[in-house]
Ligand code: SAM
């Protein structure tokens, strides 16, 4: 029996169900239920909440979420080998765990949330120890979602520390500040909650991980996500160049655009705050609509 519930310890679950970790699926399992409970709690009080979890694997975080009081967990897992272990958790928590066997990259999250949430009033949160190989793609999709504010009230996610630093970066952390920092800073309050050492995982990854929480808020200024993505791709694609040069990937002569946005043409992308990129994205769209 384990500390949080009367299910077998995760080490036994992995042995019995022969869940040898697969690198191709980004499998680094958390077997310490005290740690998974800490992650579950770090998303906030769980009573009445519906949690979407990507990649439950053998179920360490899933169990902590359910034991911590989540009204329902909707878990999307691609590795069919994990399904029998997840069925045992379903039996322990009747009606509270929905397992979707499939690829998280193909999931229609708002539809899953609408179909399976505990009740129409139940807030939805995303909590996951993400497979590293698809973590930033999933995050980008969630933050680029329309309409905004989105269907979830927060994202509490494990990333490699280096990715976590890029998510929360601003012009104060120029080395890490880039497309991801602009996107997340535009629509969310993002913070690193705590680090998790490699030794906490089975097998241990090469680098330290961090749990990040992102809370949506109304965008600072509105623009189209695809325009912001194009502007930041151009500016940070050549981050050592001045904007008057790097934005040539976008427009033949960036000078009028930079002038209208009130930005110094000799500035580099890493010194431009989020509002500057959003203004560029809006003006670029207006220019094209006029032409
Ligand atoms: N939540 C478990 C834990 O904390 O121990 C496992 C986390 S492990 C880092 C990532 C999990 O995501 C694995 O169970 C893996 O099979 C699953 N996974 C990988 N790619 C996936 C995908 N495209 N869709 C859904 N699940 C995926």
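Glycine too: its Cβ is placed from the backbone N, Cα and C atoms.
For 28, 30, 55, 77, 103, 129, the entry in TrEMBL reads S-adenosyl-L-methionine binding site. Annotation comment: TrEMBL describes 35-218 as domain 'Ribosomal RNA adenine methylase transferase N-terminal'.
This view paints the features noted in TrEMBL onto the structure.
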{"residue": "28", "record": "S-adenosyl-L-methionine binding site", "Cβ within 10 Å": "20"}
{"residue": "30", "record": "S-adenosyl-L-methionine binding site", "Cβ within 10 Å": "21"}
{"residue": "55", "record": "S-adenosyl-L-methionine binding site", "Cβ within 10 Å": "24"}
{"residue": "77", "record": "S-adenosyl-L-methionine binding site", "Cβ within 10 Å": "25"}
{"residue": "103", "record": "S-adenosyl-L-methionine binding site", "Cβ within 10 Å": "11"}
{"residue": "129", "record": "S-adenosyl-L-methionine binding site", "Cβ within 10 Å": "27"}
Span of 28, 30, 55, 77, 103, 129 around S-adenosyl-L-methionine - largest C-alpha separation, Å: 21
Assigned element (helix, strand, coil) containing residue 55 (S-adenosyl-L-methionine binding site), judged by DSSP: coil
For the domain 'Ribosomal RNA adenine methylase transferase N-terminal' (35-218), report the average pLDDT of the model, please. 97
Tell me whether residue 129 (S-adenosyl-L-methionine binding site) sits in a helix, a strand or coil according to DSSP. strand
In DSSP terms, helix, strand or coil for residue 28 (S-adenosyl-L-methionine binding site)? coil
